[in-house]
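Novice: I have a structure here, written as structure tokens, and I will follow up with some questions on it.
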Amino acid sequence: MSFDLTDHSHARYNPLTDSWILVSPHRAKRPWLGQQEKPGRNDAPDHDDKCYLCPGTTRATGEQNPDYESTYVFTNGYPAVKLEQPDPELTVSNCDALKERLFKLKGVKGNCYVICFSPKHNLSFPQMAQSEIMNVVKTWTNLFQTLEKEALEENKPYKYLQIFENKGTAMGCSNLHPHGQAWCLDSIPSEPAKEFDHFEKYEHQHGAHLLEDYVNLELREKERIVCENDSFLVVVPYWAVWPFETMVLSKRRIPSLNQFTDKEREDLASIIRNLTIRYDNLFETSFPYSMGLHQASLNATEGELKAAWFHMHFYPPLLRSATVRKFLVGFELLGQPQRDLTAEQAADRLKALSGEVHYLAKLEQEESKT
């Protein structure tokens, strides 16, 4: 008997985080009697007077939204980090060296923003036009440039802008209205910091950027590519943890949104739409995920720019159907991450789907014929 990647347990290395993932493809055959999520039906109206993100409504802070017609950004009234707060009083004491060694603390300052993708309450990326997603990409870019300028000219404590979206109740999203968030901190958060560290080490050892080599390898092998265009490709990473996890990778070395050409902005909007349509079509549901952008820090140094390579991570939880999700528990919390479906199997399923026609649009077309 020879080793079979589609049936035998093995571990795969993630060079971005210097970690390993256990792959157990034979477990995909096991029956499931556990928790099931509610199917993602979207019967919401275009506008909801009770939604604090819809145009013209009043937010919990008492501020009223304008009658916006495209994207809309506002400062989060309940931010995770704040600009105005005192620095912690850190005392140095030789008599308690153990406490100082183990109980480390530092203050964190910054600002948090909410980004409404559309004035329509019941839309998400896969049902938006490419031009509407393009407006979101431009908004991300404008926010990056604005905060970079404020840090430089007004000495605001802005170092890294983490843009992300939690879509669906399965990912903890409490509001259906299409929106994302942007948290700007005075330091680089742990996940991108780990990536930067490994990018620098890889280039020092091999003379090339890790993601440059990875993009070229995936383009050569093709088996994990879901879709691509002139500027970007979408892959299920070789080391993926979540069942249908993907990365959106720029084909050239672009440090951040700030360095995009107009064509690259168009291509990013196009590939986000293509990927998210495939996600919804997979189980014919509004597919939940957490998504985020990884890019250069604000006002990056020459070394920081060299280490950066723009990419996006999509982490969707659904595993077998619209109602069965993956949980990171037990061995995965105490040992290491584990997955059942191989990255290649997941990519095959996603690439077989349409990235142009949403399942609801197809359903409407079929119903109109009857």
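Any Cβ shown, glycine's included, is placed from N, Cα and C.
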Novice: Swiss-Prot has Cys51, Cys54, His177 down as binding Zn(2+); which of His8, His121, His294, His311 does it also list for that site?
Specialist: His121
Novice: Record says His294, His311, His313 bind Fe cation. Source is Swiss-Prot. Which of Glu165, Glu195, Glu200 does it list for that same site?
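Specialist: Among Glu165, Glu195, Glu200, only Glu195 appears alongside His294, His311, His313 as Fe cation-binding in Swiss-Prot.
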Novice: From Ala60, Ala151, Ala308, Ala347, grab the residue that Swiss-Prot records in the same UDP-alpha-D-glucose site as Asn76, Gly77, Asn166, Gln181, Lys326, Phe327, Leu328, Val329, Phe331, Glu332.
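Specialist: Within the candidate list, Swiss-Prot flags Ala60.
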Novice: Relative to the Cα of His121 (Zn(2+) binding site), which of the recorded positions Gly77, His179, Glu195, His294, Val329 has the closest Cα?
Specialist: His179
Novice: Taking only the binding-site residues Cys51, His177, Glu195, His311, His313, which one has a CA atom nearest to the CA atom of Val329 (UDP-alpha-D-glucose binding site)?
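Specialist: Out of the listed candidates, the nearest Cα belongs to His313.
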Novice: Could you check which of the binding-site residues (Glu195, His311, Glu332) sits closest to His179 (active site, tele-UMP-histidine intermediate), going Cα to Cα?
Specialist: His311
Novice: Which value in Å gives the longest Cα to Cα span across the UDP-alpha-D-glucose site residues Ala60, Asn76, Gly77, Asn166, Gln181, Lys326, Phe327, Leu328, Val329, Phe331, Glu332 as recorded?
Specialist: 40
